[in-house]
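To start, the structure itself, in structure tokens.
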Ligand code: NFS
Ligand code: SF4
């Protein structure tokens, strides 16, 4: 049920229960949110902007192009296809740049950890050795520290690499995919280089052929997915531990009345990890006590929240669309932010309360925020300085409202490694049982639901799509804010098996796993690339990602990063469905993205505006892949043999004891 806000005539309908509860309170009555601003602006989005045909790449413009109308070319003669393709490619470049800069920080933090300097250590030595092997590093009879240092330096070199050899981690892709990238000339060479070349080629008067522009857009996106993001995920796991299934809670009810509430918002796990460690420091706990608080309650927002949720079980208060609402409770002493997806409005909302917005990264400051630079080389001290500031705010807390009832149990922490043991049991760790379940039809296929949420569209879009997929026995992988919203909807716990079709329900119940597997932050979409490749390698489902009965969607995409992710999925052979893309004003380019790419990379973009339509497309594409693989012939039930039952019974999920929404 949607509500209108108190005292707000024109507010948009809000379907999220915890958001409704907070905004209908007196304490939030002066808070203006993005929902209000969306409503106030109405549907007045610029037609040229939303259809992709506005160009301001030089000062002869801005030019607004109408496809097929001679007088409405750019001053330079640029056509609608060229302009839309350049804009799209720049979006991919910006998204990739965001992941790249994040990843670079992680590599630098990793090098410090390898040197034994600073707060963090090497936690996952097995994973370190595996990744080192991809970089051709000798690991036998060597100290962990030496391997890690060599790996860190080689990883850092991937960013500035100037030769034309492909990035080291591309070797992880299927042989067929690697050959295709080589043939098309889109195997990324240096991570930074691809973004720079993309910006150059979209400069006025350079690349004016949309197919050619898209080749570089693919190469740029691949340098993100198989380069920056994958490096970031892997090195973060090595440093902070590879996620394993664990229980946690999400939604605004995770805030605590009697504790100092500090929300961590943004993306880089170095800061968040340091805060987690500092929050357990006796000195900090003592300070909190002195201020009258019973403890320090850290809660995540957006992807930084997903990082510490996955590895530490720290609760997530909300996703992207709830960043203002978290503050509107009046119960937050400080929101500590770093980079990406932090709305400038949080500083405005905070003005209504005792809350401070603490910016911590020199790249990202905002008016009204307090800047305390987070120094990685003295991470603990930096983190304590930030916490001290927040804790001292506790006494100033005035009236507040925490929607205590709205919190949901989740089971999270499904790294690509976990999937090996999840269905495979402890006797034979592999993707074989997953593949077998897909081949025998119990699981029809795999859908990845990733990316943001977005004020322009209904909050429950993810839930609507996923429920439909589950009914159709499709296993769902989730990351980013999509995962948070599915968690809030109760779909990330094993009880949600009841929403599945019979055969998927049986699989989930046998193993005790949720039907929606939370795989992490948006950077962790690289885990999905690895998981998909592992499915191919296991055999029986074709010889490339493009053969798998698998598909992705980012239905509520907001950030440019989501477009970069979509493009690296497509260039890796996975179909994606988005709710809209700014390409509709360019006929040929639109057709190329939504059809033509298939002939080149074996996948293309799909666009559908309604949630159920998105689900329908996903189901149809998955079934079509099954037909092509010839695995739709045998429809009869295949009973588990003894081996399989034993394996399914012995998986690690049993140890989590994950059953039901019973958060306290
Ligand atoms: Ni992804 Fe994560 Fe959320 Fe979207 Fe932003 S936090 S990196 S971009 S909004 S999912
Ligand atoms: Fe106009 Fe061409 Fe300049 Fe773009 S590059 S603003 S289309 S003149």
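Yeah, the Cβs are placed from backbone N, Cα and C, and that goes for glycine too.
The feature [4Fe-4S] cluster 1 binding site is assigned by TrEMBL to 46, 54. Annotation note: residue 46 ([4Fe-4S] cluster 1 binding site) sits in a coil segment as assigned by DSSP. Neighbour list (residue 46 ([4Fe-4S] cluster 1 binding site), Cβ cut-off 8 Å, at least 6 residues apart, same chain): 54.
Within 10 Å of the Cβ of residue 55 ([4Fe-4S] cluster 2 binding site) there are 25 other Cβ atoms, across all protein chains. The annotation [4Fe-4S] cluster 2 binding site is assigned in TrEMBL to 55, 58, 63, 76.
Per TrEMBL, [Ni-4Fe-4S] cluster binding site is recorded for 267, 303, 341, 452, 481, 522. Remark: residue 341 ([Ni-4Fe-4S] cluster binding site) has 265, 266, 267, 302, 303, 320, 323, 452, 559 as non-local neighbours, by Cβ distance under 8 Å and separation of at least 6 in sequence. Under the DSSP three-state reduction, residue 341 ([Ni-4Fe-4S] cluster binding site) is assigned to coil, being neither helix nor strand.
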Checklist entry - Apart from 55, 58, 63, 76, which residues in this chain have a Cβ no more than 8 Å from the mean position of the Cβ atoms of those residues at the [4Fe-4S] cluster 2 site? => result 56, 57, 60, 61, 62, 74, 75, 78, 83, 204
Checklist entry - Around the [Ni-4Fe-4S] cluster site (267, 303, 341, 452, 481, 522), what further same-chain residues have their C-beta within 8 angstroms of the site's C-beta centre? => result 302, 306, 319, 320, 340, 451, 480, 521, 559, 561
Checklist entry - For residue 63 ([4Fe-4S] cluster 2 binding site) and residue 481 ([Ni-4Fe-4S] cluster binding site), what Cα-Cα distance in Å is obtained after rounding to a whole number? => result 35
Item to check | Alpha-carbon spacing, residue 55 ([4Fe-4S] cluster 2 binding site) to residue 522 ([Ni-4Fe-4S] cluster binding site), which is rounded to whole Å | outcome: 29
Item to check | Cβ packing number for residue 63 ([4Fe-4S] cluster 2 binding site), 10 Å threshold | outcome: 19
Checklist entry - Could you give the Cα-Cα distance between residue 58 ([4Fe-4S] cluster 2 binding site) and residue 481 ([Ni-4Fe-4S] cluster binding site), in whole Å? => result 35
Checklist entry - Quick one: which of the binding-site residues (46, 55, 76, 452) have their CB closer than 6 Å to ligand 2? => result 55, 76
